[in-house]
Amino acid sequence: NPYAGLVAHLRAAWLSGKTRPMEYRVAQLEALGRFLDEKKQEILEATALDMGKPSFEAYFTEILLCKNELNGTLNNLSHWMKDEHVDKNLVTQLDSAFIRKDPYGVVLIIAPWNYPIHLFLVPLIGAIAAGNCVVIKPSETTKNSERLVAEMLSCYLDNDCFAVVTAGVQETTRLLENKFDYIFFTGTSRSPSVGRIIMRAAAEHLTPVTLELGGKNPCYVSDTCDVPNVARRVAWGRFFNAGQTCIAPDYLLCSLEMQEKLMPALREAIAEFFGPNPRESPDFGRIVGDKQFRRVRALLCSGRVAIGGQTDEKERYIAPTVLADVLPSDPAMQEEIFGPILPIVVVANMDEAIDFINARPRPLAVYAFSCDSKVVNQVLERTSSGGFCGNDTLMHVTLTSLPFGGIGSSGLGRYHGKFTFDTFSHQRGCLHRNMGLEALNALRYPPYTQQKLGLLTATFEIKRKGMCTLL
């Protein structure tokens with residue numbers, strides 16, 4: 001296997017204990033901070049070349065949010081690393097019972113192309129913080145970002161413990177044949193099928209995985225809402241990064257009356273954001289590749305084009321588009337869109353919207369808009385998804401205090417902030433007993449007697465706390 005030597009080299013470094021001291025982890029994390037500071041311009045240029053990413057969006061997602069993750073981790077690492085002491089029974093009162101946060105070992109991070117810096121760097125921060133050695137596989141689709149990571153990251157990190165592998169599908173398949181101690185995979189459109197491939201490869205070595213897979217994120221808009229605000233927040237979330245965001249609102253559910261109100265408001269929001277011709281706007285990106293462009297363009301035949309619809313294959317440009325009167329059987333409703341197209345599906349009421357959501361695979365995010373908080377809470381309580389955001393889109397992902405991850409076909413596992421550290425840490429249950437006081441242990445040794453059983457029960461039993469009943 002072409003990668004066996006690399007993995008063996010990293011495993012030897014991990015077994016040496018090099019990555020375990022807090023000082024080492026902090027030094028590597030601070031080096032990542034220097035990478036973000038010193039290569040800021042190169043990051044902005046690479047993402048612009050790869051997919052026309054506006055510098056504002058690139059700075060916000062690829063640099064600022066990464067620095068937040070990094071600084072939050074550095075601020076809290078000493079606390080996260082400490083042993084967590086737990087409750088004890090009578091027999092172990094004089095002993096030490098605790099959870100040790102152990103690194104897994106040599107872990108693999110496979111990153112996607114839509115946020116090519118952010119989506120390898122955020123898991124990498126947690127993997128380093130937890131004390132692992134890491135193989136990073138950036139996406140081959142975004143060539144300029146891949147080259148930047150491959151050429152520059154080794155100048156900042158310890159090459160004995162961290163390595164970047166540039167690989168296409170065939171090479172990645174060979175890479176996955178190696179035994180890793182944890183695999184972290186983030187996908188893009190159509191990623192559940194790739195997620196199954198990753199899980200099958202991981203199963204060969206009984207390797208645990210985190211899969212971030214996306215899906216069709218529904219957005220319910222009730223009849224009682226601030227229409228211009230909804231239009232701006234939905235348009236921003238849908239057309240940010242030219243719609244190539246795994247948590248973007250994938251389709252709207254609303255009444256026919258609300259569809260008619262939203263249409264002019266969405267048209268106004270798009271003009272406000274991108275001007276009369278979004279193709280000329282410096283704030284609107286492009287589809288990442290020709291294959292992805294053709295796939296997204298084919299979805300325009302769904303329903304009727306109410307706003308936008310213009311395309312340019314040479315530029316890989318698809319205008320911010322809203323489709324009205326879309327049927328559940330239309331192509332745009334059969335797969336994650338992952339582009340700047342927003343279908344609107346008409347439903348009679350909230351109950352029908354909830355039934356529509358629950359009849360489909362569980363998404364990465366559910367959105368609900370209403371001036372009535374009871375409506376938002378009903379959608380939250382009666383649906384299931386990786387995350388939820390009421391009266392806005394995307395913003396829940398900016399909080400490192402919230403776990404981010406999928407459920408069902410939208411993924412498994414969670415990360416961001418401490419949740420990333422926990423993901424890459426094995427929670428090792430530990431009991432360190434006193435060598436003396438053997439009389440306390442005699443209760444559990446043969447020969448067994450009824451008296452021993454009674455005493456054992458008294459010392460080990462956990463009783464339910466009493467409940468007070470008002471008569």
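A Cβ is built for glycine as well, from the same backbone N, Cα and C atoms used for every other residue.
These numbers come from a predicted model, not from an experiment.
TrEMBL lists 18-426 with the feature domain 'Aldehyde dehydrogenase'. For Glu212, Cys246, the entry in TrEMBL reads active site.
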Report summary line: Listed in sequence order, the residues of the same chain lying six or more positions from Glu212 (active site) whose CB sits under 8 Å from its CB are Phe185, Thr186, Gly187, Cys246, Leu364, Phe404, Gly405, Gly406, Gly411, Gly413, Tyr415
Report task. Kindly state the mean pLDDT of the domain 'Aldehyde dehydrogenase' (18-426) in the predicted structure. Result -> 96
Report summary line: One finds that other Cβ atoms within 10 Å of the Cβ of Cys246 (active site) number exactly 29
